[in-house]
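Asks: Below you will find the structure I want to go over with you.
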Amino acid sequence: MIVRINKSVAFGSVKAPRSKSWAIRLILLSAISDEETTICSIPDSDDTEAALRMIEVLGSKVIRQGNCIRVIPNLRQCGGYVNVGGSGTVMRLGVALASSCRNPVIIDGDETLKRRPIRELLESLRSLGVNVNGDSLPVAINGPVKGNYVEIRGDLTSQYISGLIMLGLVSGITIRVIGDLVSRQYVDLTRRIIEESGCSVGVSNDVITVNECIPRISLSNVPGDYALSGFYTALALATGGLVTVTGLPKPLGYGDDSLVNIFSNAGARSVFSNGDWSVEGGGELRGIVVDLKDSPDLAPVVASIAPFASGETVITGVRHLAFKESNRLETISDSLRAFGVNVNHGDDSLRISGSITHGALIKCPNDHRIAMMSGVVAAGSNGESIIHNAECVNKSNRLFWRDLVKLGVKLTIN
């Protein structure tokens with residue numbers, strides 16, 4: 001798919017994309033329950049479909065009913081082959097849960113996923129007595145778990161820890177996190193969803209303790225996603241418009257919903273009220289310094305408004321962007337440079353100078369957030385921009401390009 005975008009002014013409102021982070025965790029937890037689970041407002045995304053394929057291999061029956069799914073679990077029937085596409089979350093959480101199976105589970109993925117970190121998680125499972133064949137995808141997992149103590153690095157991806165926490169519900173586990181924990185908000189999210197299902201997760205400094213517990217999820221609606229919604233509201237700042245995203249939970253001031261305050265700190269009018277987040281452009285944006293160690297998915301959103309701000313925007317705490325769908329330290333930099341933006345990156349930071357941007361040719365590196373970032377910058381830039389491989393947004397939000405048209409962006413799809 002090729003998308004062509006010309007300079008626009010974005011006005012209007014759109015519904016918030018549903019959170020795939022929430023959805024994937026709810027779906028996977030439903031597979032280790034002992035009762036039927038109904039989950040509604042499931043996001044239409046490649047990663048969500050990967051999670052559903054994963055739980056079918058874990059023995060669950062999935063029944064689709066409109067925008068809801070019913071999951072009938074049967075962990076005793078787990079086993080088989082599954083391809084999880086490009087979903088790092090499903091890969092890592094799924095590998096951990098597959099360790100509870102007494103039949104082999106073979107997990108595979110696309111070429112982008114085969115380059116992403118997993119070896120440390122596999123080593124931790126081996127230390128728990130799990131039979132693991134392979135050090136990268138495809139990998140064969142054959143449980144059960146025989147130990148209950150594991151140490152694992154926290155500085156590569158928080159998904160290692162989230163996966164082991166979920167496994168702990170089946171077998172009991174004590175996890176010692178070695179080094180800094182990145183993307184902490186996602187471990188907090190895993191813990192929150194588990195506790196809402198009636199189980200508990202103990203945390204004391206760098207040690208996490210999970211006792212065996214059967215999660216029971218009542219009818220659950222997947223909430224809106226701030227990191228994905230941020231690309232819509234960023235359009236208002238890039239184009240001098242006014243955009244409202246509806247259907248979002250009340251911001252808590254940390255994690256992905258900190259975008260509401262980040263935009264305000266940059267000089268924008270950014271207001272949340274009764275589930276709606278409104279952002280108005282047209283005023284003077286200023287460069288800011290922001291640490292995104294706990295919220296790495298916000299980096300492409302902040303980067304999308306940085307060219308339209310005066311001065312320099314500095315994004316820190318982003319070392320682990322190198323291990324995303326693409327090396328985002330490089331792909332954010334390369335994409336912005338194509339628009340004429342002055343960008344420098346180190347091992348743990350991005351420095352972006354406000355610039356007069358022009359149209360660009362972007363060959364998206366199969367990374368949904370890079371495509372979305374490029375779409376925002378293109379809408380605020382002089383001349384025509386062309387984005388190749390634009391269908392990569394389907395990983396998290398199939399409606400992205402349609403929604404941009406709804407907001408008034410001059411966009412054609414070929």
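Cβ coordinates are placed from backbone N, Cα and C, and glycine is handled just like the others.
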Asks: Quick one: which of Gln65, Gln159 does Swiss-Prot put in the phosphoenolpyruvate site with Lys20, Gly88, Arg116, Arg328, Arg369, Lys395?
Replies: Gln159
Asks: Show which residues of the chain containing Ser158 (3-phosphoshikimate binding site), separated from it by at least 6 in sequence, have their CB under 8 Å from its CB.
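Replies: Within the chain, Ser158 (3-phosphoshikimate binding site) has Cβ neighbours under 8 Å at Leu181, Val182, Ser183, Arg184, Tyr186, Val187.
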Asks: Within 10 Å of the Cβ of Lys395 (phosphoenolpyruvate binding site), how many other Cβ atoms are there?
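Replies: Its Cβ shell of radius 10 Å holds 23 other Cβ atoms.
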Asks: Counting other CB atoms within 10 A of each CB, which of the binding-site residues Lys20, Arg25, Arg116, Lys324, Arg328 comes out lowest?
Replies: Arg116
Asks: Between Gly88 (phosphoenolpyruvate binding site) and Arg25 (3-phosphoshikimate binding site), find the distance joining the two CA atoms and give it rounded to the nearest Å.
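Replies: Roughly 13 Å, rounded to the nearest whole number.
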